[in-house]
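This report refers to the structure that appears directly beneath it.
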There are 2 protein chains.
Amino acid sequence: MRILNTIDDGFSQAFKEVLNRGEVDASDVIPKVLEILRSVRDKKTQAILQQVSQFDNWEPKTFQDLEISQDMCKKAYERLDKQKKEALHQAYERIYAFHSKQKQKSWMDFEANGNILGQKVTPLDRAGLYIPGGRAFYPSSLLMNAIPAIVAGVKEIVVCSPVPYNQPNELFLAGLYLCNITKAYKVGGASAVGMMAYGLEDFKKVDVITGPGNIFVAMAKKLVFGEVMIDMIAGPSEILIIADKNANANFIANDLLSQAEHDEMASSILLTDDKNLIVEVQKQIDKILPTLPRYQIAKKSIEDRGLMILCRDLKECIALSNELAPEHLELLITNPLAYLADIKHCGAIFIGTYAPEAIGDYVAGPNHTLPTGGSAKFFSPLGVEHFMKKSSIIYCTKDGFEEIAESAQILANIEGLEAHRNSIEVRRSKE
Amino acid sequence: MRILNTIDDGFSQAFKEVLNRGEVDASDVIPKVLEILRSVRDKKTQAILQQVSQFDNWEPKTFQDLEISQDMCKKAYERLDKQKKEALHQAYERIYAFHSKQKQKSWMDFEANGNILGQKVTPLDRAGLYIPGGRAFYPSSLLMNAIPAIVAGVKEIVVCSPVPYNQPNELFLAGLYLCNITKAYKVGGASAVGMMAYGLEDFKKVDVITGPGNIFVAMAKKLVFGEVMIDMIAGPSEILIIADKNANANFIANDLLSQAEHDEMASSILLTDDKNLIVEVQKQIDKILPTLPRYQIAKKSIEDRGLMILCRDLKECIALSNELAPEHLELLITNPLAYLADIKHCGAIFIGTYAPEAIGDYVAGPNHTLPTGGSAKFFSPLGVEHFMKKSSIIYCTKDGFEEIAESAQILANIEGLEAHRNSIEVRRSKE
């Protein structure tokens, strides 16, 4: 694992490369994605059928062939053993409870002059969840995308997921049943994003598309932003752990590896003020790594993108962490509250010995769909807010109107908009 | 002005065309914008200087030439007459007061087992406001973009605006001073979006880009979504008025025209259950239209995109309005509260006789940057939320951890992520 020291000469340059970890050269991908999207928009169902047969190795003949039957979902759910069912239900309930607390209320504010100003918060009509499929299907992804939409009150939730060889994953089917999603389609990649953004003959466009995916899905989401709402553009997963000398090196090593096993491109980073901890963590990693079933992936991730940085003090750790804006941030330090206010940018903060990232991936309650690659500087975790939107409310009394009419007319005049000025003037005239 | 009746045979088809008013064929524009963005990303300041000289008819030699001097802003503000100053200040204060009420707080929730879950809300570090320039400069646009960022607590706010012939608009300068914005640059179009999204040698990239603009700006914003946060993709402005027989035809005509004078592509729509009102509004429009300074623009807008629809009843008016999801919705009906719950999709709702849209454009307080072209189905008005983001907070006690650890391990196991399972297991072992 690579080790840096902030007092070393080359540190700034080396750190800059880590900062740029989110940079993706998508110049090859964009034209291909544009072509797929254009084809879906113009040829609709015909394009989707052709693309599914091209990418997923089976031959759907009609749009109905792409629908997942509710009966199959129910049966898959019933086949689940009790232990798995209970784990999924506990996850569902805790995620539901947390997201319920996020839900914003409409509000009104009353002015002395009688004017009423406010904001009405309304669920979106129709949400499209993209869930990666095949061998990489994770039931937790389905729960984390579906539950905020359910809490928001979205009436129609649809799911798209690629199903290679037309062999749906049992857990995917069971998860659909658990989330009570009755509209799911065996369509993946940029095709699915296009289908949800533009609609087909028998499929109405959605209002928001959320969910993780590969570079094709990410670029397609970027390109349809504006036609629909998009949650975020996600890249490889990452963890940053800030630990002091009291932290448990074994826990840290396990947490770093839990990130590394996701993806060769995943980043696992430790920041500490304790030189000895770095040595200990390295030892633990060397011990655990060879025992992992996903050894090859984790090894490549740790070698290429793993990093331990020795800092002058915890304050410096926090400052570097804010610059990196990691997806997951673990605080394994003696007095985390002393630093919490200074933590500005990250997707989620895991505090203390008993909050490993993996607990947040599944059952803690907050969403595991988090901004990556530094985009935690501006994106928020997936949440109920992505499935709701606001409308301003403006009501004026005659008195309240008169109090502000003059200024509005002056400003309309400044901007050379006479009809704007008129629409105020006519209401001021005595009738 | 075009008139439709919902009971007519051709209505559905005609209405569908109105629904699709937001559709833009940007296929010609996207390659040009991609080229501009690529050039900015690769050649940085050199590209910006070249593009400004190409589009704005002056020859900046260095990046410093693009900076707007604070001294000029102060002087422009001082030159403003008292009346204009007061109007701008009243607008500023009311917009500030409204947006202050939007600001979300961080929150925590405590579980019986001692776990703490919550959300930390943090301002973005750096916001980039795009403000259209030249003759079309509107001081209200600057206020509406800057104030939510100020309320959010954004530390660095920068503004980009095209300045043809290097002749800055006096009101633009004064507005910058009023908003205490010290970093403003004479750069417009897709170049400005690229500069703010990628950064230059002497200019740090921003975290969010907001603000209106032409199709080049809109497409550039779409293409950099993900590198930065974007507020929305805006198109031509639009108003929809729902009125019953008690509404004032003169007020309605003025309000429709206030929208039409913006842009030939603007849409002004009246929905009513009163046949006579349509006749009266048409008369008023015919009378007022020729008197407007922006007659040519308003006339073309009203002729091409103006529309009055006679509906069976107000319920039908609301249903059609929800489908159209207009930017501005005026409710000029006897009992607006009876319909408010049913209004699902629009940027802002103006209620009653004394809330013309123009009052919301300037001084009511809510933002005038609103989703257009039907995107109110999923976008919200520009607000403080666009300049803040969230991080989840997860703290577990040992007891709280044990309560959920088993499920997390089962789910990690289901997903084949052994290192995830381990990172929980090691914490469960007795030490």
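Placed from the backbone N, Cα and C atoms, the Cβ positions cover glycine too.
Heads up, TrEMBL stuff is auto-annotated, nobody curated it.
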Looking at TrEMBL, A:Q259, A:H262, A:H328, A:D361, A:E415, A:H420 are annotated for substrate. Which of A:S237, A:S380, A:S392 sits in that same site?
A:S237
Near chain B, which of the recorded positions A:S237, A:E327, A:H328 can you find when the cut-off is a Cβ distance under 8 Å?
none
Counting other Cβ atoms within 10 Å, pick out the least crowded of the recorded positions A:E327, A:D361, A:E415.
A:E415
Name the residue among the binding-site residues A:H262, A:H420 whose Cβ has the smallest number of other Cβ atoms within 10 Å.
A:H262
Between the binding-site residues A:S237, A:Q259, where is the Cβ count within 10 Å the lowest?
A:S237
What is the number of other Cβ atoms found within 10 Å of the Cβ of A:H328 (substrate binding site)?
29
Between the C-alpha atoms of A:H420 (substrate binding site) and A:E327 (active site, proton acceptor), the distance in angstrom, to the nearest integer, is 47
At the level of the C-alpha atoms, what whole-angstrom distance separates A:E327 (active site, proton acceptor) and A:S237 (substrate binding site)?
7
